[in-house]
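Swiss-Prot annotations:
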{"type": "BINDING", "residues": "17-24, 81-85, 135-138", "note": "GTP binding site"}
{"type": "DOMAIN", "residues": "8-283", "note": "domain 'tr-type G'"}
Amino acid sequence: MARSHPLERYRNFGIMAHIDAGKTTTTERILYYTGKSYKIGEVHEGAATMDWMEQEQERGITITSAATTCFWNDHRLNIIDTPGHVDFTIEVERSLRVLDGAVAAFDGVAGVEPQSETVWRQADKYGVPRMCYINKLDRTGANFYYCVQTIIDRLGAKPAVLYLPIGAESEFKGLVDLINERAIIWKDESLGAEFFYEDIPADMADKAAEYREKLIELAVEQDDAAMEAYLEGTMPDAATLKALLRKGTLAHAFVPVLCGSSFKNKGVQALLDAVVDFMPSPLDIEDVQGINPDTDEPDSRATSDDAPFSALAFKIMNDPFVGSLTFTRIYSGTLSKGSYLNSVKNKKEKVGRMLLMHANSREDIEEAYAGDIVALAGLKETTTGDTLCSEKQPIILERMEFPEPVIELSVEPKTKADQEKMGIALNRLAAEDPSFRVSTDHESGQTIIKGMGELHLEILVDRMKREFKVEANVGAPQVAYREYLAKAIDLDHTHKKQSGGTGQFGRVKVKVTPGERGSGFVFKDEIKGGNIPKEYIPAIEKGFRETAATGSLIGFPIIDFEVLLYDGAYHDVDSSALAFEICARGAMREAAQKAGIKLLEPIMKVEVITPDEYLGDVIGDINSRRGQIQGTDTRGNAQAVTAMVPLANMFGYVNQLRSFTQGRANYSMFFDHYDEVPANVATELKAKLA
């Protein structure tokens with residue numbers, strides 16, 4: 001089976017947005033107009049094609065990023081649907097890792113909201129070219145020009161406006177196309193599938209001319225010859241203008257801005273045209289970078305069917321009919337059904353079936369090519385973020401980074417039968433979602449699950465009950481505190497055990513230093529002259545790492561520190577890897593005891609949107625929760641309050657906020673950083689948790 005479209009006609013993109021910016025509805029309309037979906041599914045009726053997990057249909061929020069393939073203007077579009085709720089930033093992060101371009105959707109009333117800023121920064125991190133789609137212009141209070149200003153003020157981006165809305169709120173009926181200088185009007189009776197062109201309305205002619213001039217000025221900056229011609233009075237034609245806008249978008253010089261109302265079926269075809277015109281193809285992206293595992297040298301793969309095979313597994317899902325599916329982005333080479341691959345873990349994996357996914361239906365395929373996003377069935381060892389590559393020419397692509405969980409709770413199975421099922425369920429869920437961790441409390445024997453927020457854990461517990469039929473008692477959520485060394489310390493620690501026969505001996509000299517926040521655990525080996533044989537060094541690192549993970553003060557992990565191993569001693573007979581591991585464990589405990597431990601807590605960035613009359617109450621309440629107000633800002637007839645608040649003081653906040661604002665305020669919150677717990681609170685915690 002040959003490739004259906006040449007690589008330059010591929011567009012791998014995602015739609016990223018705040019929770020209610022209409023992302024799923026936009027994807028639905030794209031599937032409808034590209035001919036894949038014959039009945040439009042509305043999110044608020046719980047029928048959207050992309051939202052295929054039961055919990056998503058009930059809650060009306062997108063949780064898992066399903067990948068879908070469709071076609072437009074003889075181009076092949078692979079769309080990755082990303083969730084907008086803050087507890088699922090991990091899903092967005094892994095989608096961005098495998099996308100070539102992104103459409104940022106904004107609510108036409110609110111403009112750029114806090115979660116939009118987070119996702120935008122994630123896209124900056126991966127260097128993803130993007131464009132903006134200002135949606136919901138049919139809503140009361142929608143203001144396109146205000147939204148464009150928020151793109152400048154809150155994201156620091158340079159907007160290149162391509163379309164202006166005709167009419168606003170309930171009068172919104174079409175767009176002014178600035179590139180082709182015409183108006184586009186949609187026919188409501190055809191569900192937006194039909195539209196016609198007409199002249200730009202007379203009352204918008206001046207505004208259209210002003211915005212078109214701005215657009216041309218931005219575009220000609222991309223090319224000296226075009227700039228010279230423009231300065232001499234020659235305007236670029238539509239084709240030249242598009243080429244210049246494409247060049248600038250791919251170079252991150254500006255972001256094209258479109259608008260519409262997906263719900264009212266206006267503007268989606270213009271969005272699809274812009275994806276084809278301005279979003280990158282896999283050939284516009286730099287070669288994917290990695291490391292050759294045989295030599296440890298940097299290596300790369302060109303985007304080509306002829307290059308050795310390389311791919312990244314970016315999502316694992318359990319499908320009720322096929323079993324475990326590994327969603328994979330192929331960067332180079334080709335893949336056939338039944339072929340063997342090498343995974344990062346140096347294990348051979350056989351590809352059972354290869355599926356092209358439409359939101360919840362699937363098509364079996366025999367071959368896949370560079371640039372494709374496919375689901376593979378039958379992989380046993382591969383987890384999220386792993387590289388798959390050809391056996392003869394291995395490469396390890398850069399791994400994804402996953403944030404540490406900030407909240408935890410205990411789960412106890414109700415019966416013996418549930419216990420076995422729960423083990424299987426939790427392992428499967430953890431394989432799907434790297435920001436979800438499972439551990440056992442050594443003292444109580446309880447199973448502890450950890451995640452990125454209350455909703456995150458609530459949905460996972462819900463899935464455990466529904467998909468795996470596990471009945472369990474769930475404890476109250478607890479904050480995931482961390483411990484941190486108060487100062488640097490130099491240690492000389494010996495472990496010695498002589499009791500007849502072979503003894504145990506290990507001695508290490510180390511400098512243990514607290515690191516920058518977020519630096520993690522760093523181990524440096526500077527042993528000279530073989531004072532400790534090389535084969536024992538990994539055991540020493542393991543001893544420090546594992547002891548730090550169990551904590552010292554009240555049993556929370558010690559984070560962000562460096563261990564510099566500079567000297568030590570060993571015994572020809574009595575030394576072993578185990579002896580040095582035990583020695584390192586003792587040294588870590590001694591370091592914690594002598595350096596002293598500070599307690600750290602997760603601090604959340606909270607944004608509350610409230611009507612003016614409740615502003616005082618909202619600020620007073622945040623202050624009472626040990627919060628620090630960062631600023632307030634007027635949004636239409638409401639106020640947006642931004643604050644940093646300890647997670648420990650945010651449990652149950654939603655109910656209290658609703659009660660004192662009569663349900664008129666809403667908020668969003670996401671993890672920002674760890675900070676030291678004040679002394680009086682730390683004392684209370686020690687008494688409670690010790």
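Each Cβ is built from the backbone N, Cα and C atoms, and glycine gets one as well.
Mapped onto this structure are the features recorded in Swiss-Prot.
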residue: Ala17; record: GTP binding site; DSSP (3 states): strand
residue: Lys23; record: GTP binding site; DSSP (3 states): helix
residue: Thr82; record: GTP binding site; DSSP (3 states): coil
residue: Leu137; record: GTP binding site; DSSP (3 states): coil
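Packing around Thr82 (GTP binding site) is summarised by its Cβ count: 27 other Cβ atoms lie within 10 angstroms of its Cβ, all protein chains included. Comparing Cβ neighbour counts within 10 Å across the binding-site residues Ala17, Leu137, the minimum falls on Leu137.
Using a 10 Å radius centred on the Cβ of Asp20 (GTP binding site) and all shown protein chains, the other Cβ atoms total 19. The average pLDDT for the domain 'tr-type G' (8-283) in the predicted structure is 83. Other Cβ atoms within 10 Å of the Cβ of Lys23 (GTP binding site) number 28 in total over all chains.
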